[in-house]
Each structure stands twice: as C-alpha cells, then as structure tokens.
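Residues or ranges marked as signal peptide in TrEMBL: 1-22. Sequence annotations record features per position, and here TrEMBL assigns disulfide bond to Cys32-Cys47. If you look up TrEMBL, you'll see 62-214 marked as domain 'Cupin type-1'. Taken from TrEMBL, the feature oxalate binding site applies to Asn108, His113, Glu118. The Mn(2+) binding site annotation in TrEMBL covers His111, His113, Glu118, His159.
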Amino acid sequence: MASSSFLLLATLLALASCQGMASDPSPLQDFCVADMHSPVRVNGFPCLNPMDVNADHFFKAAMLDTPRNTMGSKVGSNVTLINVMQIPGLNTLGISIARIDYAPLGENPPHTHPRATEILTVLEGTLYIGFVTSNRDNKLFSKMLNKGDVFVFPEGLIHFQFNPNPYKPAVAIAALSSQNPGVITIANAVFGSKPPISDDVLAKAFQVEKKTIDWLQAQFWENNHY
C-alpha cells in the first residue's frame with residue numbers, strides 16, 4: 001500500500017512539473033482552431049467545431065514579405081507579429097512568428113516576453129543583440145549578428161536588438177514558443193503605465209530626483225508592435 005501511494009504521488013508530481021514547465025497547454029487532439037466568438041472563457045481559446053474548420057484557419061496571406069515603415073517610429077523599429085489572433089489554427093500549438101524591421105540606428109528596445117522563448121535570425125543587415133539574466137547577477141550576454149546568424153533569448157529575460165549601421169536598415173525573423181507570447185517593453189511599462197507609478201516610488205528605485213522621473217513620465221512611450 002505504501003509503495004502504491006508513493007508511486008501515485010511521484011506520478012502526480014511529475015505531471016505537475018511537466019505542466020509547470022510548459023509555456024502553453026499541450027494539444028490533446030490534432031488541432032484546436034480558436035473560436036474567437038465563443039462566450040466561454042478559458043486559458044487560450046475554446047475549440048471551433050472541427051466540421052467548421054478549413055485551410056484558411058491555418059493561413060495568413062503575405063504578411064511577412066513586405067518591408068514595414070520604421071520612419072514614423074521614435075525607436076526606429078516595427079514588429080509585425082503573427083500569433084493566434086491572426087491565425088486561429090495556432091491555438092494550443094505553442095508557436096508564433098514575427099518580422100522585425102529596423103531603421104538605420106533603430107532598435108527594438110529592452111523588453112521581455114512573459115510566456116515565450118525567442119529564436120531570432122537576421123535576414124538582412126547587422127544587429128547588436130543581448131539579454132540580461134535575473135537578479136542577482138544581471139549578467140549581459142551580447143553578440144553582433146550578421147545575415148544568417150541565429151540567436152536565442154530565454155523565456156522571460158529582458159532582451160534587445162539594435163541596428164548599429166547608420167546607413168542601412170536591417171530585418172530579422174523571430175519564432176516564439178507561445179501562441180500568444182506577450183511583450184512588456186520595460187521603459188513603456190515603468191514610465192508609461194496608466195495610471196502612472198508614483199514618482200516617489202520610481203525616484204527611490206532609480207536613485208534620481210523626482211523631476212527626472214516626472215520628465216520621463218511626460219514622454220510619449222511608443223508601442224512598436226503592430
């Protein structure tokens with residue numbers, strides 16, 4: 001009896017550990033196309049009736065082949081994300097993709113994906129990229145990438161990309177391990193929250209005068225994800 005109880009406990013712990021390590025729930029059928037109009041609220045989206053599914057639920061036409069406008073961006077980049085909201089067939093499959101266009105000297109500023117690891121490859125140009133580990137070390141891992149190079153950003157860690165070329169744009173493609181990876185741009189979240197975080201809190205956190213925080217909070221914090 002004791003042996004059976006121990007085996008049952010070990011099995012439950014193993015199952016819980018597997019679920020805890022997964023970013024997205026694993027599929028239990030061939031596909032679960034998202035039913036965007038269902039009133040049911042679940043973690044992700046409920047499944048559309050398989051009899052109503054067709055090839056278009058797994059398809060998006062010509063989204064990543066066209067250069068995006070970066071001139072209107074204060075940070076000089078434009079992120080075009082294809083996730084479950086654009087392709088309902090991605091529901092439960094744990095993957096999405098993005099095209100990132102960088103103007104000369106443009107950047108995708110420090111940000112994090114709370115639900116996904118990212119693997120990025122450079123299609124054109126050169127990128128200086130990096131990520132920072134969690135407290136206490138806060139170690140920076142950085143690299144200069146050229147066309148064809150690939151780099152991985154671990155899930156949840158702050159990372160960035162910067163085009164150091166003052167004359168030529170750059171382009172990258174990123175795959176992410178979630179149907180809806182989410183993004184938190186650090187400066188936007190800290191200085192552009194609604195309502196704003198108390199300047200007393202931020203002045204203490206950054207060890208600067210409150211007038212510096214007030215100036216930062218007064219800036220327009222642009223979202224470069226479209």
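Note: Cβ is positioned from N, Cα and C throughout, glycine not excepted.
Everything TrEMBL records as a feature, shown here on the structure.
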{"residue": "Cys32", "record": "disulfide bond", "Cβ neighbours (10 Å)": "22"}
{"residue": "Cys47", "record": "disulfide bond", "Cβ neighbours (10 Å)": "21"}
{"residue": "Asn108", "record": "oxalate binding site", "Cβ neighbours (10 Å)": "28"}
{"residue": "His111", "record": "Mn(2+) binding site", "Cβ neighbours (10 Å)": "21"}
{"residue": "His113", "record": "oxalate binding site", "Cβ neighbours (10 Å)": "24"}
{"residue": "Glu118", "record": "oxalate binding site", "Cβ neighbours (10 Å)": "22"}
{"residue": "His159", "record": "Mn(2+) binding site", "Cβ neighbours (10 Å)": "22"}
Exercise. How long is the line from the C-alpha of Glu118 (oxalate binding site) to the C-alpha of His159 (Mn(2+) binding site), rounded to the nearest angstrom?
Worked result: 10
Seminar exercise, completed: Among the binding-site residues listed as Asn108, His111, His113, the Cα nearest the Cα of Cys32 (disulfide bond) belongs to His113
For this session: Find the average pLDDT over the domain 'Cupin type-1' (62-214) in the predicted model and report it.
Result: 95
For this session: Note the Cβ centroid of His111, His113, Glu118, His159, the recorded Mn(2+) site, then list each other residue of that chain whose Cβ lies within 8 Å of it, in sequence.
Result: Thr112, Ala116, Phe131, Phe153, Leu157, Ile158, Pro181, Val183
Problem set entry | Beyond the site residues Asn108, His113, Glu118: chain residues whose C-beta lies within 8 Å of the centroid, for oxalate | Ala98, His111, Thr112, Ala116, Leu120, Phe153, His159, Ala174, Leu176, Pro181, Val183
Exercise. Measuring Cα to Cα, how many angstrom lie between Asn108 (oxalate binding site) and His159 (Mn(2+) binding site)?
Worked result: 9
For this session: Compare the C-alpha of Cys47 (disulfide bond) with the C-alpha of each of the binding-site residues His111, His113, His159, and give the closest one.
Result: His113
